[in-house]
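What Swiss-Prot says about this one:
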- 24-44: transmembrane segment (TRANSMEM)
- 67-87: transmembrane segment (TRANSMEM)
- 103-123: transmembrane segment (TRANSMEM)
- 132-152: transmembrane segment (TRANSMEM)
- 161-181: transmembrane segment (TRANSMEM)
- 184-204: transmembrane segment (TRANSMEM)
- 216-236: transmembrane segment (TRANSMEM)
- 266-286: transmembrane segment (TRANSMEM)
- 303-323: transmembrane segment (TRANSMEM)
- 339-359: transmembrane segment (TRANSMEM)
- 372-392: transmembrane segment (TRANSMEM)
Amino acid sequence: MKDKIKTKILSPFLYFLKSESSSGIILLICAIAAIMIANSSFSGGYEHIFHTNITIGYGVFSLSMSVLHWINDGLMAIFFLVVGMEIKREVVFGELKSFKRTILPISAAIGGMIVPAIIYALFNYKEPTITGWGIPMATDIAFALGMLSLVAKNAPKGIVVFLTALAIVDDLGAIIVIAIFYNSQISWIALLLGLIVFATLILANKFKIKYTSIYIILGIILWICLLKSGIHATIAGVLLGMSLPIGENIHKFKTSILYKLEHILTPWSSFVIMPIFAFANAGIIINTDNFSGSLFSPASLGIIFGLFVGKQIGIFGTSFILIKLKIAKFPSNVTKRHLYGASVFGGIGFTMSIFVSSLSFADANILSEAKMCIMIASILAATYGTIVFKFINFKNEKLNYKQS
């Protein structure tokens, strides 16, 4: 009986993990393809496609945005819906339920957000690019887990759970930062209507309404309200995910709306939405004439050092201090080397950092420069993280050989 309950708890987590990690390879392919096309004779067509306006609806009941905005505001809301459902499930039934089990990844995630932001701010103090302080705070869960699964196949499950929980908390932190700091002028009427819709979602859950269509319709209305309010529309996805019925206990979880939607949307989010987002946003035009100069601008240095150095200091430093003070303890079979390797992979910002950069900078040149540095920092983190885990594998193999 206990094994069945354990399987029910872990199966969605493992399903999510498998989808996120394997989609990292597809994300990488899409990003490389976007860069190659943006720097080829097809660049004009690439730009034209994503800046073409598409109108949905009719008259006053219509929305008109570029393809890029439909991707960043529309499709990404579905990605954040999956994140919202994942957060709720982990808080209610999973790895974020117990305070003792969550203090380490939560604190590490907070440290991994604060330190990179401070490093960026130090480089950009009194500069107009200070608005990009949120860029190095983000971790790309798909790439981070993808790299871990590729280079550390024999890593203890504890470090996988740690990095996953850390990335989830990191996503939640990014959502809060976007909601509070990266918004245009607020329309209070639209925001009030959005809050009323969200309250309706909460009441629907409380009164145990089990019609999925009602939640989806209310979620779309909430998305429109937030889009019109100036609050970034992707927040609607998180709010919808957090308000979906999850079941009173683990036995009823698999019949809940949240479980069903999560299993339907997770593969679409991992293998369709995120690759499209990567392809649409990673098309950086590399100007070799000004390449070295742009690398040493305050924004570039802030992003590279924030992601590559700041994440390591923030995640590993916070974890090490908490463990030394005996406030937290190592996950099962996890060593400080594993924690350090995971903290390095935390510096893979990629899609999430690119997303925040698109909200931070209106200037196309600065935005292109920021995206390029995000790619550089993410590649550095992925490469160095691989070296760290290869070293751990070598040490373990050497130890096993001596023992045999």
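Note: Cβ is positioned from N, Cα and C throughout, glycine not excepted.
Worth saying up front: this structure is predicted, and the values here are computed from it rather than measured.
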Recorded stretch that, among 24-44, 103-123, 339-359, 372-392, has the most CB pairs under 8 Å to the transmembrane segment (266-286):
24-44
Should the transmembrane segment (103-123) and the transmembrane segment (24-44) be scored as in contact, given a threshold of at least 3 Cβ pairs under 8 Å and pairs 6 or more apart?
no
Tertiary contacts of the transmembrane segment (303-323) (same chain, 6+ residues out, Cβ under 8 Å):
103-104, 107-120, 123, 132, 135-137, 139, 166, 295, 329-330, 336, 339-340, 342-344, 346-349, 353, 370, 373-374, 376-378, 380-381, 384
Have the transmembrane segment (184-204) and the transmembrane segment (132-152) got at least three CB pairs under 8 Å, pairs 6 or more apart in sequence?
no
Are there at least 3 C-beta pairs under 8 angstroms linking the transmembrane segment (67-87) and the transmembrane segment (372-392), leaving out pairs fewer than 6 apart in sequence?
no
Based on Cβ pairs under 8 Å, which of the stretches 24-44, 161-181, 216-236 lies most in contact with the transmembrane segment (132-152)?
161-181
Quick one: find which recorded stretch in 67-87, 216-236, 339-359 has the most Cβ pairs under 8 Å with the transmembrane segment (161-181).
339-359
